[in-house]
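Each remark here refers to the structure printed beneath this line.
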Amino acid sequence: MDHFEIKGGAMHAEGVPLTDIADSVGTPVYVYSSATIERHARVFREALSGLDLGHGEPLIAFAVKSNPNAAVLATLAREGLGADVVSGGELLRALAAGVPADKIVFSGVGKTEEEMALALERGIGQFNLESEPEAETLSAVATRLGLSARVAFRINPDVDAGTHAKISTGKADNKFGIAYDGAVAAYARAAALPGLDVAGVAVHIGSQLTDLNPLAAAFARIGVLIAALRAEGHDIRTADLGGGLGVPYDPALPAPPSPADYGAMVQRATQGWDVRLIFEPGRLIVGNAGVLLSRVIRIKPGATHPFVIVDAAMNDLLRPSLYDAWHDIRAVTPTGERFVAHVVGPVCESGDTFATNRDIEAVTDGDLVAFMTAGAYAATMASTYNSRALTPEVMVSGSDWAIVRPRIALEALIAADRMPPWLSSGTNTIGG
Ligand SMILES: *Cc1c(COP(=O)(O)O)cnc(C)c1O
């Protein structure tokens, strides 16, 4: 459920008409609903409330990569969530937004020594290691700093998540995690390294999962592994079950499993594990909490159907061209009429297409459209391709709203380039 609804003829985010935001900030612009973000955080926590809490509340570590805006992170920090980070930049963002260091988990295959040192010095809760060489490097960095790193290995369970290939991470030939079959030997070697506290196991098989079976299969393998590791004398205290639960993008498709269904499956799968559970949801928390608001530039006649050319493009919302993703596209002030159209952006790429042969609410030049479910993996992937200004972000709370990232203006972008000395004399004026 989200808080984007038509009231009095115009779509609102909570109590604010999107027309007001477009008029004041311009378009394209991302708009987030803080009530929706909070609601999703609470629904997810409640879905886990049936779990065996022998080891305390589960840690819900929001996957920062899905939406790293400081206002989003601060909203979730106030709800008690931690953070799953995949870079030093995300770590600094999470800390700056008020996420306590001990609620931060550091994932990712390519952590550098600098990032490891930063995370150790800030005292993060856990490193999820993705290879044995990484364990050796972290051991060396921790030893040099006189610190201890609490670690888990991310296990690659070799299950097919049944999602888009670009967001599948749990097959043996994916770059993520250590091989399931070699895990016991890897733990033995890691436990012998100084500076590491080998405390847990971790798994994350992919994103936008619409079937719980691959997750259940992965968790079953993790349960077997925990028992095997304990039999070898390891003190396994945490199990990080990753993120990945899908959200509804297309209202015509069956809804993905609910958080409650997920929670019930987790409860069955983790029976008797006797660990503190960690979860890393991203999309589930923020996906439906954001829209990309865009204005129709013009309608261009097409061979079969018209092209609705909007002022948002693939640089603002990459998911359709990157993942063949489907976003619902709605008129902000619907008239009741519908038509079939292609919805495209102005960027000079055929991939800059949001929808083909789509039956949508009829719109015309100057009308506003909303790309729904644009709160996750959306603004964070925006670029300035085609020298387009970086998309701004707005957060709504009740009848209040605020710009939480201003549009980065073209002047600032152009001024960021530097002329090399051999081009900087003479008549050039670009970049001052
Ligand atoms: C991306 C990612 C997540 C979040 O995935 P969602 O599908 O957004 O829930 C969690 N954990 C890791 C390690 C990730 O890479």
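Each position is counted from 1, following the chain as shown.
Glycine residues also receive a Cβ, built from the backbone N, Cα and C atoms like all the rest.
Unlike curated entries, TrEMBL annotations are predicted automatically.
The domain 'Orn/DAP/Arg decarboxylase 2 C-terminal' annotation in TrEMBL covers 30-375.
The domain 'Orn/DAP/Arg decarboxylase 2 N-terminal' annotation in TrEMBL covers 36-286.
Annotation for Lys65 (N6-(pyridoxal phosphate)lysine): spatial neighbours Val85, Val86, Glu90, Gly282, Tyr377, Thr380, criterion Cβ-Cβ under 8 Å with sequence separation of six or more. Summarising the annotation, TrEMBL assigns N6-(pyridoxal phosphate)lysine to Lys65.
Look at Tyr377 (pyridoxal 5'-phosphate binding site): DSSP puts it in coil. For Tyr377 (pyridoxal 5'-phosphate binding site), the Cβ neighbour count at a 10 Å cut-off comes to 24, with all displayed protein chains included. Positions annotated as pyridoxal 5'-phosphate binding site by TrEMBL: Gly244, Glu280, Pro281, Gly282, Arg283, Tyr377.
The number of other CB atoms found within 10 A of the CB of Arg319 (substrate binding site), across every protein chain shown, is 21. Secondary structure at Arg319 (substrate binding site), taken from DSSP and collapsed to helix, strand or coil, is helix. For Arg283, Arg319, Tyr323, Glu349, Tyr377, the entry in TrEMBL reads substrate binding site.
In the three-state DSSP assignment, the secondary structure recorded for Cys348 (active site, proton donor) is coil. The Cβ of Cys348 (active site, proton donor) lies under 8 Å from the Cβ of Asn386, each of these being in the same chain and 6 or more residues away along the sequence. Annotation source TrEMBL lists active site, proton donor at Cys348.
In three-state terms derived from DSSP, Gly282 (pyridoxal 5'-phosphate binding site) belongs to neither a helical nor a strand segment and is classed as coil.
On the 0 to 100 pLDDT scale, the domain 'Orn/DAP/Arg decarboxylase 2 C-terminal' (30-375) averages 96 in the predicted structure. Proximity to ligand 1 at the level of Cβ atoms, with a cut-off under 6 angstroms, picks out Glu280 from the recorded positions Glu280, Tyr323, Cys348, Glu349, Tyr377. The Cβ of Glu349 (substrate binding site) has 14 other Cβ atoms within 10 Å, all protein chains considered.
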